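Noted in TrEMBL for the protein shown:
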type	residues	note
DOMAIN	121-501	domain 'Myotubularin phosphatase'
BINDING	N249, R250, A251, K252, N274, I275, C336, S337, D338, G339, W340, D341, R342	substrate binding site
ACT_SITE	C336	active site, phosphocysteine intermediate
REGION	557-612	region 'Disordered'
REGION	650-683	region 'Disordered'
COMPBIAS	659-672	compositional bias 'Polar residues'
DOMAIN	714-774	domain 'FYVE-type'
REGION	781-820	region 'Disordered'
COMPBIAS	784-801	compositional bias 'Polar residues'
Amino acid sequence: MFGESLEASTDTVNGRIYLTQYRIIIIDRLGTAVATIPLLTVDSIETRDIFILQINCKNGRVFKVTAESSEVACEWFKKLMQKTCSQRSVNDVFAWRFAKFAKQNMKLHSSCWLKVNASCSDIESSASDDFDRLCFDPEHWRISDANTNFELCETYPQKVIVPKSLSDEELRAASEGRFLNRFPAVVWRCKEKETVLLRSSQPRVGLFSYRYPQDERILECVRNALPEGQSSSTLLIIDARSYTAAFANRAKGGGFESAEYYRQTEVQFMGLPNIHNIRYSFNQLRALLSGPREQATFLQSLQTTQWLHYLTSLIDAALQCVAALVDDGRSVLVHCSDGWDRTTQIVSLAKLIADPYYRTIAGFMCLIRREWIDFGHKFGDRTGVRNADPNERSPVFLQWLDCVHQLQHQFPAAFQFTRSFLTKLAQHCYSGMFGTFLWNSLSERRKMQKETDAETLSVWCYLNEWNPQFVNVVYEEPCKNTRRLRPAIGVENIVLWNDLYMGPVVEQRINAPEDAQNSILMGLGASQHSEADRCSLNRAHSAESLSNIDAIMCQSTSNQPHAGSYAPPHALSTRSSLSTDTEPRPDESDQSASVSTLKQYRRGRNPHIARELDADGLTKMVDVYQERARKRIDDYEKKIRSLEQRLSNMERERKRYTSGLSAEFSSQNASRSLGDESSDSGPRSFDSILSSISMIDKDDASDISEGSKGWLVDGASQTCMSCQQPFLINNRRHHCRNCGKLFCGACTNFTYHRVQDSKGEQVRVCFECYSSMSRASGTPAIVGTSTPLQSSTSQNRTPTHQSPPPAFFIGSANGQTVFG
């Protein structure tokens, strides 16, 4: 990776472990399993045995490493604890170093797996864009800039949408009536019912039920801004807490709205879990998935964690919010205690369900920027960037992404982004590679930017629609009936997010090395190893030779990038080159690498590890359904291009044949006109008719037969060239034996008797050729024989003409037409 260098490495019982400034890399000795763990993703490290280290990750994954001795286990336990679990500053995060080296690389190379532009940066979302897109009426709503310098509320965006009848002075006074000055702000509008969605924190009611008339006025102005007929409707207040928890918050000066003071309002309590219950449930889920599984009681144990139950409760709260806005025509105010955890979950999920714009990649980016970052979700505390207070740590954002995953699972064609997009987003929320999720609020980020000149990169430089890996190929543009999602919220409809919590198979093999060995023996591994390749790893000199971890693992595939990977050869870090010329020393420290392993990677003998790593240095997430869909689309496109090429060739043949046929008929018409002028009006005898026919030998006639140049192939046309009816099983194609074109059975229901090689046969001709024969001959014509004329009728009672020669010509010698 850009700016990454090796800090330590050592052998394990089953492979080797590397420690860099950005991640922990675990590789088994067979080369069929690899795990990459960003340092900020590590939640805790435990010692299960004197030799075993267990690494618990914030994304639900667990990895176990068996050291060669207890001394090594103790040394690495201290080393990993210091790197992952000790308190740190935001400036110590790898994102700063990564951005510095990545920008230098992007200046030197135009193509990179990262793209930096205005739409991909971590800028504040534009309130004016939402104002215009949602068609707010300027006569009733306005954009307030009272919080430009974050004087009104430090955890709110600089610009918010409020009723026009509410002045900035009234807004400042009303903000005192809410916890942390998080006053009700409009975040979405239903175009059909013209209702609005608001968010805030809990009111300052307290034990003595204090009143804040300015806060009550905000809700009154919201009702007055609605159209006539809706201003008298009840405003729904969704409190994400339970009634007991909301009432208990009155002891801290909080509480909930009283119907006596807040007129025309209705309060509903959702009973959603707080951050501590979410954290405990997630830890239970992680322990269940990482431990031994009893098949008979697994589902019961999964239900005991209550993780799936919390997901259904959250989706249900969002559905009630959408039903009030869209169906009942009621405006909705959502809040919890502080208004940045459960409130953000409900509001953003409701917007995702009701508005298809937020189900696109650009809309989803805007949703996270506006509702999560600008409105002050405490990413720094909830993700544990600083490792300051463990009680503030909770996977709130991860739980919301899991709800989005449930919607995507039920409506796979309703989202423009793929499941791997969500998984990557959940991983980089904790990775520390990008600066999108490092701060608690937008104001905190601005202060950091003033203190330092350096900037971090945004996660949207990687997760964007220009990367086809994250674009859903089965995405369908929403129509009127699919604009709003109606998910099923039963527990039986909720699925476990295995892609995130379990990881790919190549990571799961780290905890089960016997499975990796069996896969090699069964031929399932990516490469076969000799006995020499499977020997224990030798210690080598110079840890600097491993300063470029990606170069080691991607050397074999740098010239052949894997599909879906955006890591070109120059995108790999080039801080130092691999050095394997030094003779191995058995007495070197553990900060060394295996010379044999390095040579294997460089020679391409073990490309499996490189193929399993993505451009961001993490394990590659493969969406099987998307890969199958892309493969089918590629196959269809190839078939379409092949058919288009065949059609183009047939069109050229048709034009060539048509031009030649037109010239032939022009000559025939000219011959007929000359014959008509020279002929008298009296009846013609049989001898005179024969004398007017140009006689040639049958060997000189260019008879159109199967395989000749004028004979059209079967695929030249899919419809009849006369009646344009398509060729089906019950409507087969037939060739006219005279012109060689393709017709249906009805249009070639004529026969002509031909004698060739002293044998007579009935041949099929089209109506046009049959009519031309009849008009040209007037009476049946005989060429090259004295056999008398005969008339016959085919099986379908169609009169036929019998003529012994293989071909005859009508007209003068200058313009001859072939029939036969």
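For all residues, glycine too, the Cβ spot is worked out from N, Cα and C.
Of the binding-site residues A251, C336, C336 has the largest number of other Cβ atoms within 10 Å of its own Cβ. In the three-state DSSP reading, C336 (substrate binding site) counts as coil. Here the domain 'FYVE-type' (714-774) has a mean pLDDT of 83 out of 100. Residues near N274 (substrate binding site) in space but far in sequence (CB under 8 A, at least 6 apart, same chain), listed by position: R241, A245, S337, D341, R342. The DSSP secondary structure for N274 (substrate binding site) is coil. The Cβ neighbour count for N249 (substrate binding site), using a 10 Å radius and every protein chain shown, is 19. Taking a C-beta cut-off of under 8 angstroms and a sequence separation of 6 or more, W340 (substrate binding site) has the following same-chain neighbours: T155, R182, S201, F375, G376, H377, K378. Between the listed binding-site residues, namely D338, R342, the fewest other CB atoms within 10 angstroms of a CB are found at D338.
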